[in-house]
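Visitor: TrEMBL feature annotations, pasted as is:
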DOMAIN    9-36  domain 'C2H2-type'
DOMAIN    37-64  domain 'C2H2-type'
DOMAIN    65-92  domain 'C2H2-type'
DOMAIN    93-120  domain 'C2H2-type'
DOMAIN    121-148  domain 'C2H2-type'
DOMAIN    149-176  domain 'C2H2-type'
DOMAIN    177-204  domain 'C2H2-type'
DOMAIN    205-232  domain 'C2H2-type'
Amino acid sequence: PVQNSKTVHLCGTCGKIFKRMENLNRHMKIHTGEKPHCCSTCGKRFTLKAYLTEHMKIHTGEKPHCCTTCGKSFSQKGQLNSHMRIHTSEKPYFCSICGERFNVVTNLKIHMKIHTSEKPHSCSTCGKRFSRKSHLTRHIQIHTGEKPHSCSTCGKRYNRKEHLKMHMEYHTGEKPHSCSTCGKRFNRKDHLKTHMECHTGEKPHCCNTCGKKFSSSVQLKMHIGNHTAERPATLRRKLISAACIRDLVLSVTSHSSWP
């Protein structure tokens with residue numbers, strides 16, 4: 001730390017200026033990596049006591065920071081600030097490679113792993129790797145058979161929260177997804193996406209057997225069923241045809257041998 005003649009305190013590492021020495025001392029911990037304040041519950045360490053105090057609210061369940069727009073509460077001020085960008089549509093963090101923008105820096109960091117192909121999270125059961133820890137956690141439920149998300153109406157269970165959310169729309173009759181072309185509404189976004197292909201004429205689903213294309217995966221599955229159902233009948237027709245030809249040949253041969 002360097003002090004000038006006007007008692008302005010200057011950080012010798014990054015050049016940032018502070019009016020008070022204690023503020024400079026606190027700032028210097030960023031450069032030194034010193035984290036003297038430790039959480040007694042989980043052991044996580046922090047450079048500032050204020051950060052520890054804010055962190056402790058996670059364990060106590062305290063959520064003093066409330067969104068004035070929708071009323072949602074948060075334990076940390078930073079979480080509220082990030083949440084507010086949903087309402088303002090502000091996305092200050094952008095990817096330098098593809099230009100995609102994000103409202104929180106964490107989402108940008110996760111996104112960057114797509115470009116680097118980095119997959120640091122590995123499944124201990126099958127070895128499959130993931131770029132996000134949440135994806136690994138969700139994947140592990142395949143091995144354990146765990147379905148922690150339960151429908152309060154019918155009791156049906158799901159391994160993913162978004163699947164439960166989609167299921168709940170059947171009970172509520174809610175159809176939040178609307179077609180911008182004809183106005184038809186759907187309870188699931190993927191159903192709307194499939195419907196939109198009717199307007200665009202897009203047929204991305206192709207049959208590997210005959211090459212016929214379909215606008216939805218459901219149509220393709222139904223079509224594939226026709227192929228599997230046809231196989232025994234087709235084989236039967238071929239056998240009948242072969243038998244008829246054989247009988248005809250035998251008949252002609254026997255007639256030609258007559259005097």
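Heads up, the Cβ atoms here are built off N, Cα and C, so glycines get one too.
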Visitor: Taking only the residues in the domain 'C2H2-type' (177-204), give me the average pLDDT of this model.
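Guide: When the pLDDT values over the domain 'C2H2-type' (177-204) are averaged, the result is 83.
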Visitor: Are there residues at least 6 beyond the ends of the domain 'C2H2-type' (93-120) whose Cβ is under 8 Å from a Cβ of it, and what are they?
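Guide: For the domain 'C2H2-type' (93-120), the far contacts come to 82, 85-86, 129-132.
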